[in-house]
Amino acid sequence: MSSPPNSGRSILGHIAKSQIKRTGETGDNLATWGLIVGYVIVGLVVLFWVAYFVFIFLIIGAGVMSSS
């Protein structure tokens, strides 16, 4: 789904935060929010795939139970 771009967002957020800490530039809040949004979306994608596979297994199980 959209996990690789969001993983990239999280990695770039960590890089940005370390650069901000090292150089004293501004933008720490934006980097923090980028990390938060990235991790929330990755978590939602993981939850989606878990729910998707549980649903598929339930459908397969119901089909097997009704055919026997």
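Using N, Cα and C of the backbone, Cβ positions are placed for all residues, glycine too.
All TrEMBL annotations are machine predictions without curation.
Secondary structure counts, DSSP: the domain 'DUF4190' (11-48) has 34 helix, 0 strand, 4 coil. Annotated domain 'DUF4190' per TrEMBL: 11-48, in sequence order.
Positions annotated as transmembrane segment by TrEMBL: 36-64.
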Review point. Do you know the mean pLDDT across the domain 'DUF4190' (11-48)?
Key: 91
